[in-house]
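Q: Please see the structure below; I have some questions.
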Amino acid sequence: MKFLILNCLILFSLISSEATNVKLDREDQNHLVLLNEKNFEKLTQASTGATTGTWFVKFYAPWCSHCRKMAPAWESLAKALKGQVNVADVDVTRNLNLGKRFQIRGYPTLLLFHKGKMYQYEGGERTVEKLSEFALGDFKNAVGAPVPQPLSLFALVSDFVVSGVNEALRVYDAALAGFVTISSFSFLFGLLVGLMLSLFLFTRRATRKPKVLTERKKDK
């Protein structure tokens with residue numbers, strides 16, 4: 001009985017140790033921070049104090065080929081800057097409000113947040129070396145902009161209403177254009193059919209008159 005209990009304890013210790021090692025390995029491999037609408041401000045404190053350090057954030061879309069191309073360099077950058085600069089990702093297609101807040105117009109957009117200001121990386125090369133130089137000091141040569149506040153409930157509702165109105169107008173314009181096109185086609189088609197029918201009747205009458213005259217001459 002004691003032997004069985006001892007074996008169980010040893011087995012449990014081995015499993016716990018293995019699970020801990022796997023967890024540590026995964027944490028060590030995962031250097032990128034995944035940000036979303038729920039945790040962005042809490043983790044970055046971009047507009048509320050910036051006590052969590054400097055953040056270098058990539059705003060991307062899954063379908064963007066340039067984003068996929070630079071992914072290995074971005075992951076290497078996160079590993080190289082660990083403990084100095086927080087490197088993170090934001091999938092804008094799943095976090096539309098963050099895209100609106102920071103006015104993301106293209107992918108990838110790289111923004112560095114430092115002490116209440118944000119700096120956009122506009123360098124042509126997206127190598128680990130160039131990105132690292134920017135994150136560790138070269139960003140100061142760029143023009144910084146104040147970090148916009150999180151979108152308020154009023155702003156979200158207003159944007160929803162405006163988007164709804166714009167979509168309704170787009171549908172109306174498309175429907176109106178379709179109606180005009182179909183109406184014009186129907187009118188022209190009807191006109192063409194009418195002309196063909198009139199021509200057919202006129203031709204038929206013209207061919208029947210001589211026959212009637214011929215029959216009358218025979219009667220005389």
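The first residue you see is number 1, and the count goes up from there.
Cβ coordinates are placed from backbone N, Cα and C, and glycine is handled just like the others.
Quick paste from Swiss-Prot:
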- Cys64-Cys67: disulfide bond (DISULFID)
- 20-141: domain 'Thioredoxin' (DOMAIN)
- 217-220: motif 'Di-lysine motif' (MOTIF)
- 1-19: signal peptide (SIGNAL)
- 20-181: topological domain 'Lumenal' (TOPO_DOM)
- 203-220: topological domain 'Cytoplasmic' (TOPO_DOM)
- 182-202: transmembrane segment (TRANSMEM)
Q: Per 10 Å Cβ neighbour count, which of the disulfide-bonded residues Cys64, Cys67 ranks highest?
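A: The residue with the densest Cβ neighbourhood is Cys67.
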Q: According to DSSP, does Cys64 (disulfide bond) fall in a helix, a strand, or coil?
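A: Looking at the DSSP assignment, Cys64 (disulfide bond) belongs to neither helix nor strand, so coil.
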Q: Just give the helix, strand and coil counts over the domain 'Thioredoxin' (20-141), going by DSSP.
A: 50 helix, 25 strand, 47 coil
